[in-house]
Amino acid sequence: MDKISDAVSEALEKAFELAQSAKNPYVSENHFLKCLLENTESLFYLIIKDIHNNPKLLTSAVDEALSLEPSVIEGSAMPKPSPGLQSLLLDAKQEAKDLGDEYLSGDHVLLAFWKSNKEPFASWKKTVKISLDDLKKLIINIRRGNRMDSPSAENNLRGLEKYCKNLTLLAKEGKLDPVIGRDEEIRRTVQVLSRRTKNNPMLIGEPGVGKTAIAEGLALRIVQGDIPESLKGKQLYVLDMGALIAGAKYRGEFEERLKSVLKDVESVDGESILFIDEVHTLVGAGATDGAMDAANLLKPALARGTLHCIGATTLNEYQKYIEKDAALERRFQPIFVTEPSLEDAVFILRGLREKYEIFHGVRITEGALNAAVLLSYRYIPDRFLPDKAIDLIDEAASLIRMQIGSLPLPIDEKERELAALIVKQEAIKREKAPSYQEEAAAMQQSIEQLKEELAALRLRWDEEKKLITGLKEKKNSLENMKFSEEEAERVADYNRVAELRYSLIPALEEEIREDEEALNQRDNRLLQEEVDERLIAQVVANWTGIPIQKMLEGEAEKLLVLEESLEERVVGQPFAISAVSDSIRAARVGLSDPQRPLGVFLFLGPTGVGKTELAKALADLLFNKEEAMVRFDMTEYMEKHSVSKLIGSPPGYVGYEEGGSLSEALRRRPYSVVLFDEIEKADKEVFNILLQIFDEGILTDSKKRKVNCKNALFIMTSNIGSQELADYCAKKGSRVSKETVLSVVAPTLKKYFSPEFINRIDDILPFVPLNTEDIVKIVGIQMRRVAQRLLERRVTLTWDDSVILYLSEQGYDSSFGARPLKRLIQQKVVTLLSKALLKGDIKSDTSIELTMSKDVLLFKKIEG
């Protein structure tokens, strides 16, 4: 028998394997029946399931019959088909012939079983009380005019059920989230669906704005009956592309599956609507070696109006795939779905709040909803509302839920303290001296007291957990009751509606209110079950690295004394330190301009006066590590084409996919200090890029992605006018002001930088040449760093004033600033100490002092 469907052929093969493994000499019709029932995707199984909702009853009867089959002890010869199985297959072949089918399939086998009266099938058949004529009608209804003309034809029946999800059924079962707002878009979708031809809306919008939610909203309205007469009673299916492609082994199998779905939608005469999410994936799908792609299968049905279809795709994909295919584009009516306003996004979150509260078992405050929208809008610019705000609420709620299930911090601390005391007591008990025994007895009292405190805390924890868990269960019950009320109203069961609306629901709501009040009135609660704006800010900070949560007292104090902290590292530059500190304080309390970077500063001055050091010190203070500073040496950007290094190569060039060094650094770490060293050496094209960043806080990279630069601090350093500045300061001494210094360098500045560039800089900060006092302070800072490194080897280093004076005199050169000091300390001090350490002259746990003797550095050990 050569023309058998794939499903029947597979069942026959498995039947032979089953008989062989059970050592049965013959493959009976029961082996075959068992294997047919195991394939839950087969036509045979689907019809059995339609006849009787529980096919397991038949499976159990077949298993019992198989246990009575004879078996042979020796020999493993291949079992032969029994006369009963051969007769059954011949009958099935005749059924296929009668129905005009080319291939024998599962429905033919079922008809043959039905007529054979073989046990245990015959006994099961009596329980279902269905006639042969009714069975044939059911098969015709399932097949919907399809012929078995290929081995896989059987698999393509009921395409809608296999490869689609019924959204209206999910809405009826209450499994969809409520769709708030978007009334205009849903109304427009309904309007297009009501047309006679080309009734296919295409939802186009950015990812996360709510395109899929519009389809779900339509399904909810169909169930509620809030829909025009032309769409009442329709079924909305969403195409599952994964299921459609998965397991399509042979060429043309994917197209067959899609055709079966389209045929099912068309055969019900407009009663089904197909929703294709990410519709652009159909363009090109299945097209190999000149074959048609899946989109071409859609076109005829779309043009005729026999296929009701809703598509959804993003603006970029629509442009890239759909617009290129003019024939496909004109068969859809575009509906643009824009990002909701901040007010609408808050409104949407209010509608979803209850679902998330019930799922996580927490309370979400109004402030949390507002914070989620505002903070996501400001700090997560590369995603869209309401999706990003919903994600914030979801993550914050899951954080609280996780904390409820974990051990509270006070209990954890007490348990650690108790464990440490017990270990210490056990160690003391081993000592024989009476004083130790007394101490062990005293510790026992502390242990008992801690155990009592722990027991009380655990009792409180259990009570709070019980209250919170009970609240979650009651809220779940309330949601189920409200769904039951809606369902009863749909089927006009008004007695049930009245009972739920006026009795059960109000009583449960009152219980929930009482439980919430009882929970709120508890003092010193161990568990937090409220999602507030503080927690939302914490989640945003975790996502972006931008510290927008409320400042701790320690951080506030640190910001107030920022100048003092910076002056410990950068000496003699009060103008720059003061201006930068003010900018950071304004940004940290949220008073800086939200549409511009935190600060844009140009540091002017001769080499070695602390320009780069100040940028490093800022990064260290803000992020606790100097490496957090993103540094660009602008001598690498002197050619016109080098701008592509910053924002990425244009399309078609090597490195296009990698992105630019500046754009990628700011995308990964938006809150950072960006240093452009020696900015005057950069090409003019680089300055044009910086204009956009400094003015709007936005950088557009080579892929047209907008990178947020509003949380970065930009510092540029330059040596422009350093000679004029040095001459002026030498003439005037310490009596210079910032304004007078800038007036000296202004003419030189205008030669290098355009007026529009200078205009976008927040402040131009002159770094004046260092005087003798500054050099002495810098030597002290550098020496303390050497001493710090020695402390790691348990060596204490001190020095007298003569060492500082010698180093400051020998190491300072007004032309080179403080940089030669570092080299001198390396040559004179570090070299001397490293040789002494290698020789063993300096050992661990010693103190040494550096002194001068006839212009020679010496060290001596300090006894004691």
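Including glycine, each Cβ sits where the backbone N, Cα and C put it.
Look at Swiss-Prot and you will find 1-145 tagged as domain 'Clp R', backed by sequence analysis. The annotation region 'Repeat 1' is assigned in Swiss-Prot to 4-69 on the grounds of sequence analysis. The region 'Repeat 2' annotation in Swiss-Prot covers 81-145, and the record cites sequence analysis as its basis. Sequence annotations record features per position, and here Swiss-Prot assigns region 'NBD1' to 158-339 based on similarity to another entry. Feature annotation from Swiss-Prot assigns ATP 1 binding site to G205, E206, P207, G208, V209, G210, K211, T212. Under the heading region 'NBD2', Swiss-Prot lists 555-769. The feature ATP 2 binding site is assigned by Swiss-Prot to G605, P606, T607, G608, V609, G610, K611, T612, with similarity to another entry given as support. Positions annotated as region 'C-terminal' by Swiss-Prot, on the basis of similarity to another entry: 770-864.
Here the CA atom of E206 (ATP 1 binding site) lies 48 Å from the CA atom of G605 (ATP 2 binding site). In the domain 'Clp R' (1-145), helix, strand and coil residues by DSSP number 94 helix, 6 strand, 45 coil. Calculated from their C-alpha atoms, the gap between E206 (ATP 1 binding site) and P606 (ATP 2 binding site) amounts to 50 Å. Ranked by Cα separation from G205 (ATP 1 binding site), the binding-site residues P606, T607, V609, G610, T612 are led by T612. Of G608, G610, K611, all annotated as binding-site residues, the residue with the shortest Cα distance to V209 (ATP 1 binding site) is K611. Of all Cβ atoms in the protein chains displayed, 23 besides its own lie within 10 Å of the Cβ of G608 (ATP 2 binding site). Between the CA atoms of P606 (ATP 2 binding site) and G208 (ATP 1 binding site) there is a gap of 51 Å, rounded to the nearest whole number. Taking the centre of the Cβ atoms of G205, E206, P207, G208, V209, G210, K211, T212 as the ATP 1 site, the nearby residues of that chain (Cβ within 8 Å, site residues left out) are A213, T314, V337, F384, D387.
Of the candidate binding-site residues, G208, G210, K211, T212, the one lying closest to T607 (ATP 2 binding site) when CA atoms are compared is G208. Restricting the average to the region 'Repeat 1' (4-69) gives a pLDDT of 75. T607 (ATP 2 binding site) is surrounded by 16 other CB atoms, counting those within 10 A of its CB over all protein chains shown. The binding-site residues under consideration are G205, G208, G210, G605, G610. Their Cβ neighbour counts within 10 Å are lowest for G208. Non-local contacts of T212 (ATP 1 binding site) by the CB criterion (under 8 A, 6+ apart in sequence, same chain) comprise D277, A312. For P207 (ATP 1 binding site), the number of other Cβ atoms no farther than 10 Å from its own Cβ, over all displayed protein chains, is 12.
A 10 Å cutoff on Cβ-Cβ distances gives P606 (ATP 2 binding site) a total of 21 other Cβ atoms nearby, all chains included. With helix defined as DSSP H, G or I and strand as E or B, the region 'C-terminal' (770-864) counts 52 helix, 22 strand, 21 coil.
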